[in-house]
Amino acid sequence: MDLLNTLVDKGLRRELPTREEALAVLATSDDELLDVVAAAGKVRRQWFGRRVKLNYLVNLKSGLCPEDCSYCSQRLGSKAEILKYTWLKPEDASKAAAAGVAGGAKRVCLVASGRGPTDRDVDRVSKTIQAIKDGNEDVEVCACLGLLSDGQAERLRSAGADAYNHNLNTSESTYGAITSTHTYADRVDTVQKAHAAGLSACSGLIAGMGESDEDLVDVVYALRELDPDSVPVNFLIPFEGTPLAKEWNLTPQRALRILAMVRFVCPDVEVRLAGGREVHLRSLQPLALHLANSIFLGDYLTSEGQAGKADLEMIADAGFEVEGAGTTTLPRHRSTAHDEAPAAGGCGSSVGGCGPAADTGADAGHSGCGGCGSSGGGGVCAPEPAGVPEPVAASAGADEPHPAPVPAGAARTDLVAVRRRGAGTDLAPNA
Ligand code: SF4
């Protein structure tokens, strides 16, 4: 297929595909799916080998947000029955983080609901970062606290934060339909502040909110223009009790095509398989490891992920390896550029530049949280709604009828579970 050969060549050269090529990836048929995965897999292996970076989410403050992000279980007016609690103490956050690190996580993502931090919140998070680094010197810490005011990114950097997450989530043209309490430009501004302060920028998207292919391409090109080091790709978890509860728009095949498109547009960037992977990719999750080089281990902010042990088994069974603490995630040309000129960038492309200035696009989560894959994209869960099909995993006994097969595009509310363990509870975290 000429398209795929062209995209592989461009990916290996870190050259930006045209918008038409990116759209053509999304338009490929299911018959072509394995060819698409194989092609994008070549680009992934060129820059990241067979390594998978593990990241671990700690929800520092859950629910009760004054913002109205439609995808988010923590939003203003959300009826989702999620855990709600205020700031975790530094020692409790550090304990949760340690569980993730013990499970193999190389990065801990500290997330808090809300529009953005006060200066007092930044002090609080700074103490938490210190407590985590005291116990795990090599761990990378990413903060995800919402919209940043002037000087806050620098203070987080001084406190030891390595990265800051703030997702764009969707295209600029559709952003207003998703959130009314802040703007797409607000989000872009926070990513730029993080970048300028020398923090490694992390910014991604949520797919499955009813957007068009053009919207998806817009947001991914906008991300390339912003030049984050990591791009989380969330798949909407349509939480009961949120405005997008009925938006079940994804199939496993569609989710793989979206990941492949992101890999072709951002070939040498950490592409992170984020919230919603269990719900939407289901048994095809291992194929996604050929596209993404990073995943979240265990649970998300407000919803449960598959068991951390199952994540590790999946990685090993698919022929990949967990990236060790001593390994640099990004290819040398990107990590060196970051060390020398943190504010410069472009999706790693010293060749071809960072893409057209034309289109723009936008976390899942909050103004910050969305970032980390989770309250929005990965996030919300419904408390066992009535009329839901039996989980596929529930085996029927010899005398019992087998459950009816679930169509590929069906709403899988049975796969959505509210997080009831880990941070903010007395139960052990899933790591
Ligand atoms: S995504 Fe963040 S800012 Fe938006 S409603 Fe959720 S917690 Fe609030």
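Positions of Cβ are set from backbone N, Cα and C atoms, glycine also.
Predicted, not measured: the structure shown is a model, and the values here were computed from it.
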Which of Cys109, Cys266 belongs with Cys142, Cys202, Arg272 in the [2Fe-2S] cluster site listed by TrEMBL: Cys109
Range annotated as region 'Disordered' - as stated in TrEMBL, picked from 211-239, 298-326, 385-413: 385-413
Listed binding-site residues adjacent to ligand 1, that is, members of Cys72, Cys109, Cys202, Arg272 whose C-beta is under 6 A away: Cys72
Neighbour-count leader, CB within 10 A, binding-site residues: Cys65, Cys69, Cys72, Cys109: Cys72
Cβ-Cβ neighbours of Cys142 ([2Fe-2S] cluster binding site) (radius 10 Å): 25
